[in-house]
Amino acid sequence: PAPIPVDGPAFPQVGVTAPKTMRLLPASGRKATQKVVVGDQDGVITCFGIKKGEAVTVFKTLPGQKIARLELGGALNTPQEKIFVATGSEVRGFTKRGKQFLSFETNLTESIKAMYVHISGADLFLCASYIYNHYCDCKDQHYYLSGDKINDVLCLPVDKVNCITPVLACQDRLLRVLQGSDLLYEVEVPGPPTVLALNNGNGGDSGEEIVYGTSDGKLGLIQITDSKPVPRWEIGNEKKRGGILCIDSFDILGDGVKELLVGRDDGVLEVYNFESADDPTLRYDHALSESITSIQGGCVGKDGYDEILASTYSGWLTGLTTEPVHREGGSGEELKLSQEMQSKISSLRNELEHLQIKVLQEREKYQQSSHSSTAVSSVPAFSVNDKFTLNKDDASYSLILEVQTAIDNVLVQSDVPIDLLDVDKNSAVVSFSSCDSEPNSNFLLATYRCQANTTRLELKVRSIEGQYGTLQAYVTPRIQPKTCQVHQYQIKPLSLHQRVHSIDQDRPMNTLTLKGQFSFAEIHSWVVFCLPEVPEKTPAGESITFYFQNTFLGTQLESTYRKGEGCFKSDNISTISILKDVLSKEATKRKINLNISYDVNEDSVKHTLKLIHPKLEYQQLLAKKVHLIDALRELQVHEGNVDFLLPKYRSILEEADQLLEEYKRQPAHLERLYGMITDLFIDKFKFKGTNVKTKVPLLLEILDGCDQDGLIAFFEAA
């Protein structure tokens with residue numbers, strides 16, 4: 001059987017690392033083991049090898065600006081062992097011995113976010129947030145302004161495709177394929193792409209195959225031909241794992257075919273192999289406690305045994321090796337290996353004891369100095385890696401907080417009504433504080449107390465559309481003196497809407513039209529304020545169209561605007577109502593007079609009710625089943641068996657745990673649906689100039705009956 005990786009040698013810890021900042025240098029000379037080179041956010045490049053199970057440093061640079069990317073390069077048909085790092089707006093080059101041979105200050109006004117060094121070594125592809133630049137021998141060749149943020153860049157191998165074809169991974173769920181300074185075409189992908197890699201490390205036989213990973217955990221392979229994209233395969237994220245940060249190709253199973261190595265932001269490392277030529281199969285996974293920023297396959301610790309090497313956010317490097325930890329049969333080799341393992345463990349224990357003593361000494365020194373009248377306590381700096389994203393599957397927001405040291409507690413505060421949802425991976429203890437919503441607009445105060453050594457915390461919240469404000473997270477790590485960092489996240493008026501590539505134009509649509517003396521930049525800033533996933537930078541050109549889908553209901557929105565005019569179309573009248581209120585308020589703040597007109601489609605209300613009703617029916621049935629569970633369990637205890645019950649009641653008892661789990665996961669789901677139908681009712685008549693708030697109690701009675709035809713009839717009769 002093929003070897004399966006197990007924990008390998010212990011590597012040193014560096015500073016906090018960004019994605020794609022660790023690589024393995026090619027093996028040189030007779031030695032088959034490879035050196036590791038890693039760049040951190042202290043600006044330090046560390047290169048080391050492993051000798052007799054111990055890390056031996058080859059070189060280490062002085063601290064500087066944060067290192068955003070680290071790539072290897074070299075002349076064609078020579079080992080790719082020159083080290084290139086992107087730091088600020090500068091690219092530096094180092095030899096494998098640590099001697100600097102390049103310091104290239106680019107003309108970029110922002111810091112470099114993504115970098116790719118072509119195999120030729122002469123071509124450099126750099127990206128800031130929205131800007132792409134191609135340099136050849138440090139001379140500017142091509143430039144492109146992207147419509148949304150660029151997350152990664154690579155170029156197809158020139159020796160295979162005979163032309164320079166850069167590919168940009170952009171936040172708006174598109175891969176942009178360039179030719180020179182022009183857009184050749186766009187490729188739609190199922191989520192915001194965060195990382196790109198050449199398939200098999202060389203683009204496959206044609207050199208045109210690219211593997212992409214998305215921030216919502218999907219993986220795919222696309223062939224980039226000179227005229228159009230050809231999708232090869234796509235893997236969803238059924239297990240609801242984290243976003244993909246890094247990808248590599250390496251034959252870790254020793255079967256002659258390179259496997260796909262994947263690192264995710266929830267610490268899951270995956271190995272996919274290609275049993276059939278079409279789709280990859282998950283062969284192995286391993287969970288680390290932090291997000292994996294870089295992943296590489298190679299031979300580092302011991303000659304003849306391949307490894308997977310991963311770097312994590314806080315700077316830990318972890319190896320998974322194919323070296324057997326013990327051998328069957330009582331050979332002398334088994335004894336030798338176990339002694340080697342024992343000496344490894346004892347040296348680690350000694351190192352740990354030494355560190356604990358050192359920490360105690362430093363703590364005592366700090367306590368003594370704090371009593372001195374001249375001592376000044378400095379605030380310790382710590383890095384927080386945060387991500388606030390909308391999940392399409394359950395219309396909730398995930399807030400992920402990762403700290404370079406252990407978290408003590410996180411206080412979450414919101415000035416708008418939001419629901420906190422259960423997260424399976426979350427082991428923290430949550431406690432709620434009562435809060436006064438009237439004078440202070442304080443709707444949520446919750447404290448998460450973390451267990452020892454927790455460095456990553458995931459929370460889930462669900463917002464209500466039309467209610468907008470700020471969610472704040474106060475993060476306190478386990479460091480002395482006690483320090484707290486505050487991170488703010490905007491809850492937008494149409495917070496449950498997500499960008500899509502296209503919408504169904506045949507639906508009955510309501511239209512809102514704005515006209516006035518406003519610039520393109522001003523109306524764009526209002527749209528950014530209202531809707532998530534809109535790039536902050538004003539788009540190039542005279543007008544722009546964005547499409548959105550409501551993740552909770554499935555309704556849609558088309559937004560087209562230019563200088564002096566904006567047009568918004570939606571099949572949900574409540575979406576139009578929220579936009580009308582918020583855009584009017586924003587224009588009033590800037591003293592801009594708006595001419596607002598709207599066209600209400602009566603059929604759209606019936607259409608929206610038909611979208612909501614199945615969800616309403618399902619949630620009402622779930623609530624009824626949950627309320628029956630206790631009574632049915634009591635019957636079961638008294639009667640001994642439940643054979644006399646009707647099949648539908650027996651099935652409730654059999655599925656009780658799943659029903660309770662589902663109900664617990666979405667506590668206020670039914671209330672939210674009631675609220676949406678009530679808003680729809682009020683908004684329908686608001687556009688006619690009628691106030692129907694007195695009829696709401698009657699509407700709620702009809703909702704309890706849950707009859708779709710009766711509900712539609714009530715809306716029409718009112």
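Glycine is no exception: its Cβ is also placed from the backbone N, Cα and C atoms.
Please treat TrEMBL annotations as automatic predictions, because they have not gone through curation.
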Candidate ranges 86-113, 338-365, 366-393 [criterion: TrEMBL lists as coiled coil]:
338-365
Check the domain 'BBS7 platform' (497-599) for me and report the mean pLDDT.
93
With DSSP as the yardstick, break the domain 'BBS7 GAE' (380-489) down into helix, strand and coil residue counts.
4 helix, 60 strand, 46 coil
How many of the residues that make up the domain 'BBS7 platform' (497-599) does DSSP mark as helix, as strand and as coil?
28 helix, 38 strand, 37 coil
